[in-house]
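A.B. asks: Before we start, here is the structure in question, set down as structure tokens.
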Amino acid sequence: MAAASSPPRTERKRGGWGRLLGSRRGSASLAKKCPFSLELAEGGPAGGTLYAPVAPPGALSPGSPAPPASPAAPPAGLELGPRPPVSLDPRVSIYSARRPLLARTHIQGRVYNFLERPTGWKCFVYHFAVFLIVLACLIFSVLSTIEQYAALATGTLFWMEIVLVVFFGTEYVVRLWSAGCRSKYVGIWGRLRFARKPISIIDLIVVVASMVVLCVGSKGQVFATSAIRGIRFLQILRMLHVDRQGGTWRLLGSVVFIHRQELITTLYIGFLGLIFSSYFVYLAEKDAVNESGRVEFGSYADALWWGVVTVTTIGYGDKVPQTWVGKTIASCFSVFAISFFALPAGILGSGFALKVQQKQRQKHFNRQIPAAASLIQTAWRCYAAENPDSSTWKIYVRKPARSHTLLSPSPKPKKSAMVRKKKFKPDKDNGVSPGEKMLTVPHITCDPPEERRPDHFSVDGYDSSVRKSPTLLEVSPTHFMRTNSFAEDLDLEGETLLTPITHVSQLREHHRATIKVIRRMQYFVAKKKFQQARKPYDVRDVIEQYSQGHLNLMVRIKELQRRLDQSIGKPSLFIPISEKSKDRGSNTIGARLNRVEDKVTQLDQRLVVITDMLHQLLSLHQGGPHSGGGPQMVQPCSEDGSIHPELFLPSNSLPTYEQLTVPQRGPDEAS
């Protein structure tokens, strides 16, 4: 079957090649410049088989050659072999401007999101209407217990139950079918996994039980008495259908789990107060008789009932202590136990308030995520603008429109008006996801080459083949009207129509410079939006930021202290005990740095003295030894002539390095 259908497809594409080559004469030359298959697949000039020409086939210049009659001889450099059909889903490509196909999985996903993940006003209207219907059915069930409205409510309830059973049964089947869009619910076992969810089990029980009650418990159009009781219970279960996501129970469970320690403590102490107060009241009142001659606290169970009614502040008044001892015990334990039994309500209330505030803060934080993503994207685009890679500039190149005339041998002019009406629709997205709509990507246009510029302008051809959306870098031509006026023809000849750039190789330096400027502007705008989104939510956030900053500062100070200890040593290493006892304030960092500077200054002075001494020894060695005996003293002098009398070198001291290394002179040499 595939082999039989391939020849017509090849002939159709070859016919399209012939019309394409007749309208664009520069395709072969551009194809030689872009021989790579990747560039041809990206929508280059050589890969324009699936796109419409800029001018229609009929609008050719007088000097241009006529299209070839037979498409069997393609130009050199272009291989026209049979090409397999492209089976890619356009929803997968980010550069696709077509709307997603209504496939089976796509419909399943939309239905699943509508029923299981309601968002938007349509979902709200649907689920709120279901809630009102279930509530109305419950109201009629209540009215059926009143004798005045029993006849009317029972008949109406019968038909409402039939409608609800059919509706909920159909909805259950649709939910089961739409769950196949998720990977974990695919197939029979996946559907069973979906049916094992608690809310799905409740829906199935309600539907099946309602069908059984309608089939067995009805007599004509009226329910039996036993069936009415079953219907009431099922209507109560239907109220669980309203909250299918279980958000209420999850919220309650999270609050209880967070404050579980406080709740357990208060309930434990309150329970201890309850049993102790009930026991002591029972001991005091077990023999007391009331006015009617009856013992009210005849058992410990009666005392426990009185304790529960008292500590929960209900106070039925059916059992009252009679003796003063019992009243005193009851009053003391009531004040103590009631305070603990009232604490869980306050704990849960504060927990719900904190949970709501946490959700609001999370929403405020979630607003920063798109702003941060936009800032990162624009910063990366500014960095990538210096890269000559073709993928950097691909988003600014317009993909030519798919030609409708290439797919059929005989074009139908009736559809051109429909294409002209719908041409603005796909360009709204421009192949960019909805999250990137904040960053507008302009398309670039350029002047047409001289060899491809026709003598007579065909405005309709441009209008039908090129989709125009005015952007920052594009000048959209105004709508021209052909008339018989010679002056208007002269005005029309002076106009220049801009053709969209369809390949990266057509970009010039001024295009790239303009793109860099636009990207830099988008970066500054995204930075400003991110700074606005980073504003604190309330005063607590400001205090938290300050405390976090203070904590970071203290950590850095401790790290600096540790490095100073490693560099200049700890105070206990070079400070004597006497100084520690005199002044403990000298252990500060400033005092330690001053001591280090003093030590460095002393070392510098000693090095100067040693240097002067070496110079003196060198001069003595070159000038000869001193005459006379006695102790030999070396007085190293500085540049200003100051003598350091603290350094003496007696003759009977140990020999120096110079004395050991320099050879001694003989007596004849000395004379």
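Numbering starts at 1 and runs along the chain as it is shown here.
Just so you know, glycine gets a Cβ as well, placed from its N, Cα and C.
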A.B. asks: State the residue range annotated as region 'Interaction with KCNE3' by Swiss-Prot; the candidates are 239-247, 284-292, 482-490, 500-508.
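C.D. replies: Residues 239-247 are the ones Swiss-Prot records as region 'Interaction with KCNE3'.
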A.B. asks: Under Swiss-Prot's topological domain names, is T145 on the same membrane side as R294?
C.D. replies: yes
A.B. asks: Any idea which of 334-369, 370-405, 514-549, 586-621 is down as coiled coil in Swiss-Prot?
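C.D. replies: Spelled out, Swiss-Prot records coiled coil over residues 586-621, not the other listed ranges.
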A.B. asks: Enter the number of other CB atoms within 10 angstroms of the CB of N290 (N-linked glycosylation site).
C.D. replies: 12
A.B. asks: Could you count the residues of the region 'Interaction with AKAP9' (589-617) that DSSP puts in helix, in strand and in coil?
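C.D. replies: Summed over the region 'Interaction with AKAP9' (589-617), the classes give 29 helix, 0 strand, 0 coil.
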A.B. asks: In which DSSP state, out of helix, strand and coil, do we find N290 (N-linked glycosylation site)?
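C.D. replies: Assignment for N290 (N-linked glycosylation site) reads coil.
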A.B. asks: Check the region 'Interaction with AKAP9' (589-617) for me and report the mean pLDDT.
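C.D. replies: 87, rounded to a whole number.
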A.B. asks: Quick test of the contact rule: Cβ under 8 Å, at least six residues beyond the ends. What residues does that give for the topological domain 'Extracellular' (285-300)?
C.D. replies: 278-279, 306, 319-323, 326
